Number of protein chains: 2
Amino acid sequence: MKEKLLKIFEEHQGEFVSGEKISQQLGCSRTAIWKHIDELRKSGYEIESATRKGYRMVSKGDGIKPHEVKSKLKTERIGREQTYFDATESTQIIAHKLAQDGAYEGHVVIANEQTAGKGRLGRKWHSRSGTSISMSIILRPNLPPHQAPQLTLLTAVAVVRAIKQEVGIHCQIKWPNDILINGKKLVGILTEMQAETDRVQSVIIGIGINVNQQANEMAPDIREIATSLAIEKGEGIERARLIAAIFQEFEQLYDLYLESGFSAIRPLWEAEAISVGTYLYARTMHEVIFGYAKGITDEGILLLVDENGKTHHIYSADIEIATQP
Amino acid sequence: MKEKLLKIFEEHQGEFVSGEKISQQLGCSRTAIWKHIDELRKSGYEIESATRKGYRMVSKGDGIKPHEVKSKLKTERIGREQTYFDATESTQIIAHKLAQDGAYEGHVVIANEQTAGKGRLGRKWHSRSGTSISMSIILRPNLPPHQAPQLTLLTAVAVVRAIKQEVGIHCQIKWPNDILINGKKLVGILTEMQAETDRVQSVIIGIGINVNQQANEMAPDIREIATSLAIEKGEGIERARLIAAIFQEFEQLYDLYLESGFSAIRPLWEAEAISVGTYLYARTMHEVIFGYAKGITDEGILLLVDENGKTHHIYSADIEIATQP
């Protein structure tokens, strides 16, 4: 239905089309048309309506082409160099190749649509055209590899802050790399690196955000565990503006990190984390540990105290917040 | 002189050339000719000599093309897939690309000559045509990144054992990645990885060995700190045989490691290490620490006890063995 409606607007570029005409062509009521128009608007399409004239599409949704992001950019380095794709398999793969060919710190890869997005531990990450943010940031920090997880945590703080500022929604971080609203997944972060054993050559930070997806665009099983900013906010979000805000928050935190280390970032992270000061299940490669999450170390490792009072250092796990101890 | 001599043999392929004739063409004594012939032999050239006939080149030195290495191979996985170059910039760069394109564990890249070899921390590694071993092994271990340094140590043990067996020379390991004979550098190992923050996607182990270089082929300043197997042994070494032996030793140790962890490798490493149970200087990124090296941890980190009895965990450093405490 949405596709048919878009086709009508495309056939009448810049012109008003009456509700009656649309309703005839699509064979549905004018109330139904109004609902579909509303949904398109939430997805980022700008549609004007005027009494006795009908509807007119002003713009096809929010653009994230380099000039649109750059016009909003306030950073020194992050996002100043951009490689943009209307569609690509994975911005991470492109960023890895750029890094090997010598791309500088702050170079970002942005895709309007990602056809084979990568999640953590080889999982998939879905992102449809025009509704998500899919991007990768190339960094060149002088770090040993075991400190790289800190950058995942730093990125989560940057994204939470940018969303709060631009969208007015307060999300929560779930260790290590998810951002949730009301327990539903909104953002995934994937940190990869090319490294020698004692120093990092490049870090590639992938950020995937559900922005303008509507509930009915998600499969029913996904709908229970994932959400989007548009669903939570009740209106469409301009992606370019949010991307620029993320770059700005990121750059500030990254500069602080390079100067003062992770100890300066850790309290900021803990302030936004749902998975600290609570009971949870941690599913590692070998076992499931239940315990009280008392915090993270300066390396970004989760500290979990089990029922016998033993503290476990969790390097990698899937976390499930327990509803009660 | 060596080049002119080789040219004469090339003009008389399969034929004997008298010492007198060579001495006339090159304008030097027959004793000098004999010395040059001897050097060529040490570099791996097979040269027959016969009374009253002179010299005849039987073979141009040791080949390391895939079929020559494979004919000597006794492994299951390591070295079964080979990518060979007469000359390439760096086998590490090639191996990284193969790994990203999905190469399997055990795939190796071998070059007869490396024109821009990589050393640790972005340094250069020199390797001339036909005199060195320059190769990279692709691995896919299921490891967190902080355990990757263990593979450098494992590789060092494999190389020391293969050299002992094939060449009969006992080398020593200098933490983290060098192998020495009498304090002079013979082998460099470079371990790189592509990784997420909590698991390795691929590890690329680069191995560079000075095999058939003669002393006069090294710059004077290099000659004081580096050596080759041919210099130490006094005769040329067949590279393909040594490569096959390294793969075999490596596979055995790697299988043991995957099954039993680094605790099974650590005593083998410590038995071959010069930098344990001795006083040394460790130059890290931030400082120089002098102390007694009491061993390595199960992560492969060097433990250094300073004059105040404080134990330092050394993740990355250049090591200089102290002549006395």
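Cβ atoms here come from the backbone N, Cα and C positions, even for glycine.
Across the DNA-binding region (A:19-38), the model assigns an average pLDDT of 88. Sequence annotations record features per position, and here TrEMBL assigns DNA-binding region to A:19-38.
Taken from TrEMBL, the feature domain 'BPL/LPL catalytic' covers A:67-258.
Just so you know, the Cβ of A:Lys185 (biotin binding site) picks up 16 other Cβ atoms within 10 Å once every protein chain is counted. Residues or ranges marked as biotin binding site in TrEMBL: A:Gln114, A:Lys185.
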Seminar exercise, completed: Students should find that the Cβ of A:Gln114 (biotin binding site) has, within 10 Å, a number of other Cβ atoms equal to 25
